[in-house]
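Participant: Taken from Swiss-Prot, the feature motif ''HIGH' region' applies to 43-53. Taken from Swiss-Prot, the feature motif ''KMSKS' region' applies to 536-540. Marked as ATP binding site by Swiss-Prot: 539.
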C-alpha cells in the first residue's frame with residue numbers, strides 16, 4: 001500500500017539500492033535483440049557533479065530507460081575522464097608534491113582521482129542513473145591507455161602523426177600548449193594604441209594602431225591594404241622601429257582591414273593567427289619576445305623580465321615620451337583566453353614550439369561528409385561542426401607538457417626520427433620504460449623518451465570504440481568481435497553544445513580513420529545550464545546551485561523533470577520554482593494512485609478489458625492513446641521538453657482535476673455495471689500513465705508499480721515492462737467531444753460552488769441547462785454531470801431560457817454623494833430604496849436621474865449608485881453561467 005505521504009528521500013534510495021542489487025540494468029550480449037549502444041560522455045573527475053552533468057546525464061538515462069521498454073538491448077556504460085591539469089594542480093596543493101617527483105606525483109594523482117570517482121558515482125546513482133556499472137571505464141586504466149596508444153600507432157602507420165616546430169596556443173599560467181578547441185575569444189575592455197613609426201629614409205612616419213605595443217620587439221613587417229590610397233606610396237619602403245632601431249619592410253596585403261584603426265598594422269611573431277599567415281606567406285623572420293611563463297625575454301631589450309601587462313604599460317609610456325604614441329583609445333575587443341578551463345582563463349600567447357600533431361586539416365571535407373551522415377538533433381547543430389571544421393588554421397596539437405596523462409607510445413632520436421613502441425608492450429610509458437631498441441634504427445643515434453603526455457581529447461575521442469570493444473576485437477578476441485559487430489556504429493552520442501568542436505569533431509575524425517565508419521547513428525545536443533538569474537552559472541556571480549542542495553529538499557525525480565523540460569540545443573536556466581512545481585506535480589501523481597489503489601489494485605483488468613465503456617471512459621482513454629502516440633514520436637526525436645509538458649498537463653488537469661473527479665460518483669455508487677466500467681478505464685489509464693512516466697521519474701513509478709501492479713504482473717521492475725502500445729481503436733473523436741463538453745460544464749459549476757463558499761461535494765438542489773447545438777451531447781453525459789456535481793434535480797432543455805432581469809436594489813456610492821449632500825444622504829438612500837426600478841431605468845436611458853428632497857435638487861449619475869440586478873426564470877430567482885451555446889441556471 002502506498003504511504004499517505006510522498007517522501008522522495010524515503011523511496012528513492014530504497015529503489016536505487018534495489019536496482020543495483022537485482023542488476024536490473026545489466027547488459028548481456030544478445031544477438032537476437034536489437035542493439036542500442038550509447039556513447040556516454042565521461043565527465044572529468046572533479047569530485048562532484050554539477051547541474052550541467054545532471055541535465056545531460058538525465059537526458060541519457062531517459063533515453064536508455066525508454067529504449068529498454070521498447071525492447072532494445074541497451075548498452076549503457078559510464079566512464080570517467082581522468083587526466084588533466086586540474087588534477088595536477090589539486091595534487092600539488094593537497095599533497096605538496098611537485099612534478100619533479102614524477103612517479104610519486106602520478107601515484108597521488110591516481111589516488112585522488114579514485115576518491116573523485118567514488119564520490120561522483122554515488123551522485124550519479126542518487127539521480128537514478130541506470131548505467132551498467134560493471135562496464136565502468138576510466139581513461140587512466142592501463143587497458144584504456146593501451147587502446148589509446150594502439151590508436152596512435154595506427155595513425156602513425158597511416159602517416160597522420162608528425163612532430164615539428166610550429167606556433168601553438170600556449171597558456172603561460174598552465175605552462176602547456178593547447179588545441180584550438182581549448183581556447184576562445186572573450187570580449188573585454190582594453191586600449192587601442194596609435195603609434196607613429198618613423199620611415200627609415202627619414203621622410204616621415206606611418207601611423208599604425210595596435211592593442212599590443214609590447215610586441216614591438218617581435219615586429220617583422222608593417223602591412224597596409226594594396227588599395228589604400230593613404231599608403232600606396234609607402235609600399236616597399238621600410239620603417240625604423242623606435243627603441244630597437246631595427247628596420248622592417250612595409251608590405252601590402254588584402255587581408256588588412258583599412259577601416260580598423262589607422263588602416264596600417266604591424267606584423268609581430270606572434271600576436272594572433274593573422275600574424276602566422278603573413279609570416280608564412282611572405283617568409284618573414286621569426287622573433288620571439290615572450291617566455292613560456294608570460295614574461296618578456298632578452299629580445300625585448302629594456303623590458304626583459306617584465307610580465308606582458310607590465311611591459312605593455314611601460315613601452316606605451318616610453319613611446320609617449322618620445323612623441324610617437326599620439327592616441328590611446330578605450331575599446332572593446334576580443335582577447336584570446338584559455339576558455340576550456342574556467343579556473344584558468346589566462347590570456348593565450350602564440351609561441352613556436354616543438355609539438356606533436358595529428359594531421360586533420362587535410363581531412364576537414366571528409367569529416368564534414370561523415371558528420372552529415374549522422375542524424376543531428378537539433379539539425380542546426382551540424383552547422384556548428386561544419387563551421388568549426390572550415391575555420392581550422394592548422395592541425396591538431398596533441399602534446400601537453402604535463403605529467404598525469406596518457407603517455408605517447410614513441411621515442412625519438414636527436415635527428416628527429418620517431419621510434420614507435422611494440423604493440424605487445426602496450427601500454428608503455430617512455431618516461432619510465434625501456435625503448436624497444438637501443439639505437440635509432442634509421443640513423444643509429446641515441447634514443448630519448450617522449451616526456452609529453454597526450455591531450456585528454458585524444459583519450460576521449462575513441463569512446464565509441466572503447467565501449468564496443470574495438471581494441472579487443474582487432475586482436476582477434478571472438479567475443480569482442482561479436483560485441484563490436486553488434487554495437488558499432490553506436491546508436492547515440494549525447495553531449496553538450498560546448499564540446500561539438502572538440503569531442504564530437506575529434507571522435508568523428510578518429511573513429512572514421514580507424515574503422516572507415518561513422519561513430520554513431522544519432523547525436524543529440526543539450527544546451528548549457530544557466531543560473532536562476534539567467535546568467536551562466538559562476539561562483540563570481542554567486543548563482544551556482546549544486547545538485548546536493550536540490551535533492552534533499554525535493555528529491556531526484558523533481559530535479560529530473562526540470563532537466564526534461566530543457567529544449568534541445570538551448571541553454572536552460574535552473575529555477576527553484578520549477579522544481580517546486582515539479583514536486584507538487586509528483587505529490588498530485590502520488591495522490592491519484594493512492595485514491596485509485598483501493599479500486600484497482602485487486603481488479604481483474606484482463607477479464608473485463610473488452611467491455612463496452614461509458615462516454616467519459618472512452619474520452620479519457622482516447623486522450624491517453626493520443627498522448628502515447630505523441631510521446632513515442634517525440635522520444636524518437638529526443639524532444640523531452642514537449643513530451644514532459646504535455647504529459648504533466650494531461651495528468652494534472654485531464655486525469656486528476658477532471659476524469660477522476662467525474663468518475664468518483666460511479667466508483668462509490670450502487671450501479672455495479674457502471675462501477676466495473678470505471679475500474680476498467682481507470683486501470684488502463686493509470687497503468688499506462690505509470691509506464692509513460694517511468695523513464696522520466698523512475699523512483700516514484702517503481703514505488704507505484706510495486707504497491708499496485710507487481711503482484712499481478714510479476715516482473716521485478718517497472719523498468720523491465722514494455723512501453724505503452726498505441727491503440728488506434730481507442731481513438732474516439734465523439735467521446736473526446738463529450739469529454740471536453742463535460743469538462744467545461746463541470747468547471748462552470750465548480751466556479752459557482754467556489755463563489756458561494758460551498759464544498760465541491762456539496763449538494764445542488766436544482767440546476768437547469770439550456771442548449772441548442774450541444775443539447776444532444778449534453779443528454780449523453782447528463783448522468784455524469786449530475787453525479788459529479790451532486791445535483792438533486794438536473795434538467796436539460798433544448799432552446800434558450802426565458803429569463804427576466806429585475807432591479808432589486810439601488811445603493812448609493814457614499815464616497816461620492818456624502819460630500820455633496822451631507823445631511824440629505826439618509827433621505828436619498830430611502831428614496832433609492834423605494835424607487836429602485838424607475839431610478840435604474842432612468843439612469844440607463846439618460847445617464848442620470850434628478851429628484852428633489854425637501855425642496856433641494858438631487859442629481860445622480862451611474863457613478864453615484866450601484867445597481868443590483870437579479871435574474872428570474874418562471875418567477876423563481878436564479879443565477880446563471882454561460883459557456884459556448886450553453887446557459888446554466890442555478891435555482
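A Cβ is built for glycine as well, from the same backbone N, Cα and C atoms used for every other residue.
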Participant: Any residues 6+ beyond the ends of the motif ''KMSKS' region' (536-540) with a Cβ under 8 Å from its own?
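Facilitator: Distant contacts of the motif ''KMSKS' region' (536-540): 50-52, 342, 528-530, 574.
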Participant: Within the motif ''HIGH' region' (43-53), how many residues are helix, strand or coil going by DSSP?
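Facilitator: With helix first, then strand, then coil, the motif ''HIGH' region' (43-53) has 3 helix, 1 strand, 7 coil.
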Participant: For the residue listed as 'ATP binding site', what is the tally of other C-beta atoms lying within 10 angstroms of its C-beta?
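Facilitator: For the residue listed as 'ATP binding site', the 10 Å Cβ neighbour count is 9.
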Participant: Which residue counts does DSSP give the motif ''KMSKS' region' (536-540) for helix, strand and coil?
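Facilitator: Across the motif ''KMSKS' region' (536-540), DSSP assigns the residues as follows: 0 helix, 1 strand, 4 coil.
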Participant: Could you give the mean pLDDT over the motif ''HIGH' region' (43-53), rounded to a whole number?
Facilitator: 96
